[in-house]
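Some features that Swiss-Prot has for this protein:
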- Asn227, Gln228, Tyr229, Arg328, Arg334: 2-oxoglutarate binding site (BINDING)
- His242, Cys341, Cys343, Cys349: Zn(2+) binding site (BINDING)
- 43-120: domain 'RRM' (DOMAIN)
- 220-337: domain 'Fe2OG dioxygenase' (DOMAIN)
- 411-664: region 'Methyltransferase domain' (REGION)
Amino acid sequence: MDSNHQSNYKLSKTEKKLLRKQIKARHTLLRHEGIETVSYATQSLIVANGGLGNQVSRNQLLPVLEKCGLVDALLMPPNKPYSCVRYKTVEESKTAYDTLNGKEIVDDLGQKIILYLNFVEKAQWKELGLQALPPGLKVIEEIISSEDEKMLLESVNWTEDTENQNFQKSLKHRRVKHFGYEFHYENNNVDKDKPLPGGLPDICESILEKWLKEGFIKHKPDQLTINQYEPGHGIPAHIDTHSAFEDEIISLSLGSEIVMDFKHPDGMTVPVMLPCRSLLVMTGESRYLWTHGITPRKFDTVQASKGHKSGIITSDVEDLTLNKRGIRTSFTFRKVRQTPCNCSYPLVCDSQMKETPASFPESDKEALQLEQDYVHRVYEEIARHFSSTRHTPWPHIVEFLKALPSGSLVADIGCGNGKYLGINNELYMIGCDHSQNLVDICRERQYQAFVCDALAVPIRSGSCDACISIAVIHHFATAERRVAALQELVRLLRPGGKALIYVWAMEQEYNKKKSKYLRENRTSQGMKEEISNDASVQELLVKQLPNVGNQDSAHSVSSINDFQDGGCNSKNVANSKLPIHTNRTSFHSQDLLVPWHFKGNPGKDKRVEPFGPLGSRDPGPVFHRYYHVFCEGELEAACRTLNNISILQSYYDQGNWCVILQKV
């Protein structure tokens, strides 16, 4: 809607709303992408809400655009909620602008979305150079016939008697069967002393012999895991344990194609299309050094020109579209290793890594490493699943934000998926988090967020009217670092500014009332015992934890000691390993590792607790996060070590200690 048109007559209510949406789209593009729109007509238009990130495919959008003229190019960057169309003439572009602005279409999920268009001079995206498959990786297409595929799928009896040791284990939107040895997802390993009876299915034996004879594989596997995935399910990025299996790991895709992501430790990610009836073979560097995983989603970004052919998904924005996932069944074969691994990648090899006892960090460097391994890396892995469980804002936090004056600048330090950034539209809110994947989710929701360390926030001192820190400070591994995080919050505040802080409480039963975390105990007693007494998990964590000292960091700042006279009923854990907490039970130590059970299809996992993870009966991957849970009075004591604040209020809220402080 141009300015000349606006000046001729008074805008209707609908036109005003459309104009507001257009302006918002312009600001979002400029803030997040650096794309400037213009007020005059050009050949190019940015189509807000018409992107792959909105589940709008090329095949769906292009016919709509072509009704207005000859489309010269349609650029659809991956994971972005917009696209750019270039018409042959300016007149055709103007026609599209007038016709399609505010047009409602239905995306590939059946949801209604509205398109908003703005003119641009040019739109550019960074193009990644041509990528190669990770070394040692190959994909063999059509390795079996459609008849063999049908026989393999029909051979899997998902309803057999549970007395058979090969019976399936049902996960949410996923079923699993094991042959040869049971694959343990909590440590990506097998128990070599407990082979399953019967070996591999007969139908697989003949196929494997054929692959060996034709040179597709080098070893005959003795372990098979069959997974059936519903659309929307994923696999967290991982490396199969070095000491458990030989160099070669192979996976046969049946029923549907999928895009699998391979990631190098330097951060480079290579998405690879695995067609139906193709065999993925991982050897060497691709098996030992690169992680592999599948992002949980219902649509994959693929190249329109390649269809379902194998290969790398490039960043050619003129050739990207969406491909709807189907039900995929994977047959993953491995050869169990009987000797320690002596690969060329000792830094990620459990056979070659130095075993060190787990204790508590006595230096800032060791604390930083603990946080890196058991906070930051974990949140990057579980970000999508974690986000799906964080959807309901807490009333007292909402109350705090609603009470702030209109126009206040508020920083959410450790914003996660941004669920508090849109609570009060009269505030100017910005968020930050250490996790790139969580910040990406914020941006997908059109929130302003950036990546940073909570101990060094790149915001000018004294510029914020308020700050919130929800479930962040309990992840710092020493008292000094927790106090430093509080000091950083105060630094951001103007004089008179307020901060709201939430941390997980040691006391999950308070005033004779259990917290939601305890009340909503969905784990069986058997599962509790499995988690808390699993020696193999404890041993694995001992191997991975940094070499740390024996100081109990909860007492390393003397002024925080005063609050504890008879108050905190925790065990003395100095000179001990970090204990693994049993989910949905009371805490017995202030410093501990809390399991997070990764589940499938994050969009449908409804949970109500704010900070604590949920136990699971599913044998899915388990991640462990470091926590320091706070005793009553400890948070206030830490705040009082700061010399420029006053505590306005402190309270207990569903298993969390909370403070509102003001900068003086």
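Just so it is clear, glycine is given a Cβ too, placed from its N, Cα and C backbone atoms.
Because the structure is a prediction, the values reported are computed rather than measured.
The shortest Cα-Cα distance from Gln228 (2-oxoglutarate binding site) to any of the binding-site residues (His242, Cys341, Cys349) is found for His242. For the domain 'Fe2OG dioxygenase' (220-337), residue counts in helix, strand and coil come to 5 helix, 62 strand, 51 coil, using DSSP.
Remark: of the binding-site residues Cys341, Cys343, Cys349, the most isolated position is Cys343 (fewest other Cβ atoms within 10 Å of its Cβ). The binding-site residues shown are Asn227, Tyr229, Arg328, Arg334; of these, the one with its CA atom nearest the CA of Cys349 (Zn(2+) binding site) is Arg334. Once Cβ contacts within 10 Å are tallied over all protein chains shown, the binding-site residues Asn227, Gln228 are led by Gln228.
Cys341 (Zn(2+) binding site) and Arg334 (2-oxoglutarate binding site) have their C-alpha atoms 15 Å apart, to the nearest angstrom.
If you measure from the Cα atom of Cys343 (Zn(2+) binding site) to that of Arg334 (2-oxoglutarate binding site), you get 17 Å. The Zn(2+) site is set by His242, Cys341, Cys343, Cys349; from the centre of their CB atoms, other residues of the chain with a CB within 8 Å are Ser243, Tyr288, Pro340, Asn342, Tyr345, Pro346, Val348, Asp350, Ser351, Gln352. On the backbone, the CA of His242 (Zn(2+) binding site) and the CA of Arg334 (2-oxoglutarate binding site) stand 12 Å apart. In this structure, Cys349 (Zn(2+) binding site) belongs to neither helix nor strand by DSSP; it is coil. When the domain 'RRM' (43-120) is classified with DSSP, helix, strand and coil residues number 23 helix, 27 strand, 28 coil. Counting other Cβ atoms within 10 Å of each Cβ, the lowest count among the binding-site residues His242, Arg328, Arg334 belongs to Arg328. Of all Cα pairs drawn from Asn227, Gln228, Tyr229, Arg328, Arg334, which the record names as binding 2-oxoglutarate, the longest spans 19 Å.
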